[in-house]
């Protein structure tokens, strides 16, 4: 342990492991959090950070290992137990009650009470207002949480964590949706917490924040601990290299000749808008090109592709596929025109989990596979075997339910299902979310091979390395608008983040 | 305390809305400089939200007043003391049930067994007085409450254990409780003649012209309303219905709270059974059949969101009063009673459409406000 006369850790994760089905999200991670300092936890999306957070929050229980508080093991059986142990968590995705007021959201279960145990609303709203004042934001504590912007939701979450008289603060990307000034405010509040002896676990993708705020940094990769140590001993470069663990170019292989032979414009989106969600979205995708739609969670990327595909109606602009205008709000017309959408949530929108591998693969081609309206099991089986082989889907048997496949193989099956329709444009929303690294590379290889074969690909992704490694062009969205269009050569982590957050680089 | 007082209790959102209804969109007096960050979101949301909730209840109240006024114009006897007393008596049982149902519905659940629980409790009351004609009234009320609570306990335990939607569980217990009732009664009917006078008098007694049953209903309503509005547990019920995942994450014991809601709903249905027996004096195994749907209708018409998270017991009670009054009005106006169901149904559809329109408009306005501060 470096540092002079350091106190014992306030909270200590010891060899914790957590698996979800076949995927080990966290494997044997130990992590000490010392009083009075902020500890950064970095890693790519899917490295296991959020799983670690959820174990501290009492949402998940470790399969092995345990958590120590003040040197004594504690069982964080549920969120209430975690809170009682003095752990306050800011979750990555805001967890608010839309029907209740902001103040109630902050103090739920801990509302100040007056006579006869009745909630003292005035006191509650006053306390909330003081919290917001501390954070330097003017948010009305008495308004309903429904309709709050992502940033305001985030601020409410932060206020909630501050309102608990906690000793350990866990912040899972608290600044993701904040402006520079709001983030700066949060840092000074965090420093104040540390001065009062609190331990902070701080998760962020923004290295300038990590280096400015934290004393220690721990790097996770694929659920394992790569390194942990003082921030002073590392540079951004070393941290990034440890996070990725390999050269970006090796991880995201583009087929030779990719991006060279660009075909004609296949997908042409002009001035697309949906009131209050996104506006003035214009872009094109050419045959053989991979265009990435990057941005922060909540920027409206998925909403745009849903509107392009016709799942949602747009109320301005138009979508043309090979020059032909698509009727708004009709996925059937989109499929007929050669569009295919691989949705973000494959478990709910991409596959029918209870059905067999073969039935799922054939779902988009039922008419083609049927004779006289009756589905031939033999043809279905042959068809599914062919596609599963082509995309190297590893499965027990074609008759097994899809739910038994790993995430990566499920995703490949969704791809197969749509590729079978012979699309001209493939839209993939978060193609590698929640799948293991090996399958990720395979999905990437498949997508870039498809592009090389002349398919136009529109990819929504929250993973910057994926965006930078795969895309020929990067469109960056922020709060419902496209704020930058970057060709591959100009797209860097900084340029994309700049456009996505609308903030200047703090780091020199 | 009368029902009218309950509606203007300081705990009710109506009152809050009235206080907050000032049109000025001024930011809160937090005293902090806005630090130059994002402009403070226009604080119209709160007022809008509260106004929306209040509008819903005011709307029902307005419909009620219009109905009463219109019917009275057509037939002046509609507002006679006797007629008003009849309506209040009829509404009393429904209001008690609606208050209980509100507790369940705000948690995004539903209790379909209340009609059967009411029937069971009503028959138990009759049996009690047949066996013990001298039994004191509080004992009867207590028996009803306890029997209902036991039924609610079973509902809650099944829902917690089976992790099956409450709709299915309570649909099952609806038939189970009714079946128990039938096998217990085995065709027997307990008539007013078998009941002690004291108990029957209780069913028709008035204080200053207001039926005692209505006073009891008002007291129950007030208790449930204050519980939901101003107690931590009550607010947690809303939180659970508003966003179950968030409720779990914020440490609310969701299972325990939902269980509690079902126990109270059952207990209140049991109490309603005793009130029902007192009012009609005649009980058999069919008492309360179909009442669960009337209660759900009243709750929905009164502005309690069927998907949980919003609405008040006061609104639900207004809904119950409105539906009861429509029944009486149609009789007074000599409309074929068959029409009543059609009117009730139309009212439910209108209420749901209204909620949907208001909700859509609300989110759209909120979005429109949030969107421009991009760029």
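Glycine is treated like the rest: Cβ placed from N, Cα and C.
Unlike curated entries, TrEMBL annotations are predicted automatically.
Looking at the stretches B:112-130, B:169-187, the one that TrEMBL records under the feature transmembrane segment is B:112-130. Segment contact holds for the transmembrane segment (B:258-278) and the transmembrane segment (B:137-162), given three or more CB pairs below 8 angstroms at sequence separation of 6 or more. Against the transmembrane segment (B:205-228), the recorded stretches B:58-75, B:87-106, B:112-130, B:137-162, B:290-307 differ in Cβ pairs under 8 Å, and the greatest number is found for B:87-106.
The transmembrane segment (B:137-162) makes contact with the transmembrane segment (B:112-130): 3 or more of their CB pairs lie within 8 A, with pairs spaced 6 or more apart in sequence. For the transmembrane segment (B:290-307), the residues of the chain that approach it from at least six positions outside its boundaries are 53, 56-57, 59-60, 94, 97-98, 101-102, 105-106, 108, 110-116, 118, 174, 241, 314-320, 322-323, 344, 347-348, 351-352, 355, judged by C-beta separation under 8 angstroms.
Packing against the transmembrane segment (B:87-106) from elsewhere in the chain are residues 3, 114, 118, 166, 204, 210-211, 213-214, 216-218, 220-221, 224-225, 228, 237-238, 241, 261-262, 264-269, 271-272, 275-276, 279, 291, 294-296, 298-299, 302, 304-306, 308-313, 316-317, 319-321, 323-325, 327-328: each is 6 or more residues past its ends and has a CB under 8 Å from a CB in it.
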